[in-house]
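Below is one structure, written out as structure tokens; the observations come after it.
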Amino acid sequence: MTGRQALVFAPLSTRSGPVANGHEGHVIGWLLHQDSITCICAWSSNAVDHGHVQKLREWTGTSNIAIVGTWRRLDATSPMSTDDVPGSSGQEDGAILHLPLGGSTYKVHLPHYTIDHQIPIVYYNQPNSRALQYLSLQPLTLDPDTKLMPRQPDDHVRKRQWESAQQHATLFENPNDIDDCLQGVLAVINSALDVERHLVHLGVNKWTPYQHCIESIYALGSRVAHRLHGIHIALMYPSSILIYLIYTIANLCLIILNFPLTIIPCVKDLFVTGQQLDLRCRQLIYWPWQYILWRGKSQAQKLAPPGQAQYIGFYNSVWLVANDIILGVGVGAFITANADLLASLFLRSLKEYGIDTIKSMVVWLMSWPGGLKLNSKLATFLGELFLWLIGFWGENLKSLETYLPAYIQFSGLCGVLGASFVISFAADLLNAATLHLYLFYLVAAKLHSWQVTVILSLFNLFRGQRNNPLRKRIDAADYDLDQLLLGTILFTVLIFLFPTVAVYYLLFYMSRVVVISLHGLCDIALAIINHFPLFAIMLRFKDPGRLPAGTRFRLSPGLDGLVLENVPIGLSTTFYQYRHLLSLLQKRLFSRDVITSSLDGSYIHMLSALQYPSPPRLHETATLQEIRAFLLRL
């Protein structure tokens, strides 16, 4: 090869070597990009021939794997010759490279290159495909929503990057070739360990001591699984019946929870516990299908970003449910043992802050609060109305004292289902105990909204305008003198009554905000328990090679080339669920619409949609035979 730049990818270490402890052999690798790129994957003995290479091509499914050259180890015990000096006349035509590997230096001869100057070398650490490690140009996207996937760089950015790269290399003539070529290089690097495994299977290579221990452990696990296969088959039928019953009960619960009602869309929207139960039932139904779908993928599909995201999502949800149950058992035991104490503490707090404090505030508003002169008649009327309702609610709370300890004990027993159910029961109890504050807020908000609407309409009347609801605009209008006079009287009356209604609305608006905040804390706790990326964080610190966000090239002081490294994903990608939740919180709490709704008395909704979307509900119903087939695949 002449006239073009060449590039060699070489491993920093391998997991196998020649069977005989020789000092020379063949180099196995791939020839890519019209043979201008050589990717070395293994060092083998001279026993490798074209028959072995043909079997490697059949097993790996690639046609460009070949014997790319020869190697000779240079150390104190190996025979030296004048050919060991790069560029010596005794060597046949081709490129000579000196590569460090395992504390030794390997002299590599690549006969398909006829280049006089030095060839750039890129070193890489071989990913373990069995451990689902891989290199990729595309970042791993854990978010199933394609709208949140990272955008590809535009043509201007790609052109600038290519021009910068061309200052250092002339390997590519087209900027689009860079991604395509590197993608092909990374694909063969990801399969390098499989090639070594095939060479060991052919008997021409042997594992290193460390890798031999790893392979022995895998082999031992396979033998144990084979010995236990009979027990697995014996337990197949009863396990299938049990799983089928659980599957049927989960389907029945989903039908009941999603049954449409006339007032609300479905039953689960009445209670937080219903939403949590709906999530767990969907997970129980979806998990087997998700696992079968992932197990049915090929090794290349498993190493692709969609397959990895599916794998991480499955095990992350399983881990979260397991931790939820472990935490729920401990919390439930504490709640069950202290049910009476918790009941008395809750009733005391509810009476102090939910009844007595509101009652004292209403009595304070019936006079001139803070020197603000209100309409005495209207303030007295509204105050007595709310005081009567507060007293009525306080009398009904006596029945709650009887059943509350039993309710708390039941919620503690439900801790075996997870701490999320304990929090859900607490959120439902909070909603039921503060129902009077919700009704007070509805009454005060409706009065305030009507008054604001009428005042704004009368203000438009004075300006000779009127609201056009069909076209959603303000049109000019002519009014008679009697209409203007009546409007002036009504406007004056409403303006003087406005502070009285506004202070009552402000009181119950603040109480509503406090209740929503407490409810929001429960929702945030549920979001953390249900969707915390525990498995992804563990992989991020334990094995970042399984969470690639791209690749980078690093200069190493002890090497004469670049080192290709994996770049793991960042925290923003790992916590993509909470980025979604933060955007939802910003939209519902800190937007202009929320401020406008607070001023004009519009209804404030609960933050019931804080949890991330549940797994999809499958329209198909699994049969007993399908469940048995699923257990056979485990």
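Yeah, the Cβs are placed from backbone N, Cα and C, and that goes for glycine too.
Values in this document were obtained by computation on a predicted structure and should not be read as measured data.
As written in TrEMBL, here are the features:
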type: TRANSMEM; residues: 241-261; note: transmembrane segment
type: TRANSMEM; residues: 325-346; note: transmembrane segment
type: TRANSMEM; residues: 378-394; note: transmembrane segment
type: TRANSMEM; residues: 406-426; note: transmembrane segment
type: TRANSMEM; residues: 438-462; note: transmembrane segment
type: TRANSMEM; residues: 483-507; note: transmembrane segment
type: TRANSMEM; residues: 513-537; note: transmembrane segment
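The transmembrane segment (483-507) and the transmembrane segment (325-346) are not in contact, since fewer than 3 Cβ pairs between them lie under 8 Å (pairs 6 or more apart in sequence). Outside the transmembrane segment (378-394) by six or more residues, the chain places 351, 355, 358-359, 362-363, 365-367, 435-436, 439-440, 497, 500-501, 504 with a CB less than 8 A from a CB of the stretch. Ranked by Cβ pairs under 8 Å to the transmembrane segment (406-426), the stretches 241-261, 325-346, 438-462, 513-537 are led by 325-346.
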